[in-house]
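The GTP binding site annotation in Swiss-Prot covers 57, 58, 59, 60, 61, 144, 145, 146, 175, 179, 222. Swiss-Prot lists 1-16 with the feature compositional bias 'Acidic residues'. Taken from Swiss-Prot, the feature region 'Disordered' covers 1-33.
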């Protein structure tokens, strides 16, 4: 967690795919064997298409950080009503939502305006996510564009057949009651139209990082969102000691309901055990994981990481979670983490005082209904 804070602070201080065609059966040798080139073509055709859509300012910042960091195997889309912010974002595709509604001047902190802007730009949204197997929708809840547009984007993604995972922050208490109420309404809507919603409570983030200037606090929030999306994505797209595929992630995330995430790291001699303990103690993971119905675990380390160390992380989680829970885990290698290990845990089907609103069991009953929860003006 410390490096996340350090990275975010450094960032704040510094400031102030085409697919190959695959032939039919005639391309395969008569013997039934295939050349390496033919196998590579099949592999390319079968790769998971992942799209990350950043909605509003916070979502755009997440996409921008992923663009800077470099993410393997995902298309980055930034969608905003504020043209000034949008032009500064690094992304593969940019959508200026609701140009007629807002003239590119933002949503004025009104979620209704953000929703109407997204509905005006639905065709562009569908085009951006077309062909995706998995869509991440990331936003900061409480404001206008992110809160209003994220449910519209998630609904479009799910209707297109993609596994839809929303990763959102909830407001700092200091942002006021109106933003909190709007965040609650936005989260309710997202729960209705997403497979899984991962919630990052900004107030709990402050508990982890202590007192920081406002700008740096938001940078830390952006960094956590980026690490969360990147961690899940690269479980699928990057080779590792233990690889996961799209079907594995779908097993945990499809109809996962509300989830929370824990991030931990260690460079000690017992780095495997310490990184998982740090993740489990993370203020972001403000739940008793013993009641979770499933967990997704990503262990990242340098080239010196052994399979025994990675297995040690998972064994630690098995000891703490419901024995009937499903655990999917994988590892990825990052050469920059020599001598260090990072653990990311996503637990689904959880309840926490940090999660607003009703129990996720009624999600299916409200499927597709966006208009029955009011935002505050």
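A Cβ is built for glycine as well, from the same backbone N, Cα and C atoms used for every other residue.
What Swiss-Prot annotates, mapped onto the structure for a quick look.
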residue: 57; record: GTP binding site; Cβ within 10 Å: 24
residue: 59; record: GTP binding site; Cβ within 10 Å: 32
residue: 61; record: GTP binding site; Cβ within 10 Å: 25
residue: 145; record: GTP binding site; Cβ within 10 Å: 34
residue: 175; record: GTP binding site; Cβ within 10 Å: 17
residue: 222; record: GTP binding site; Cβ within 10 Å: 25
Seminar exercise, completed: Among 57, 58, 59, 60, 61, 144, 145, 146, 175, 179, 222, which the record lists as binding GTP, the farthest-apart pair of C-alpha atoms sits at a distance in angstrom of 19
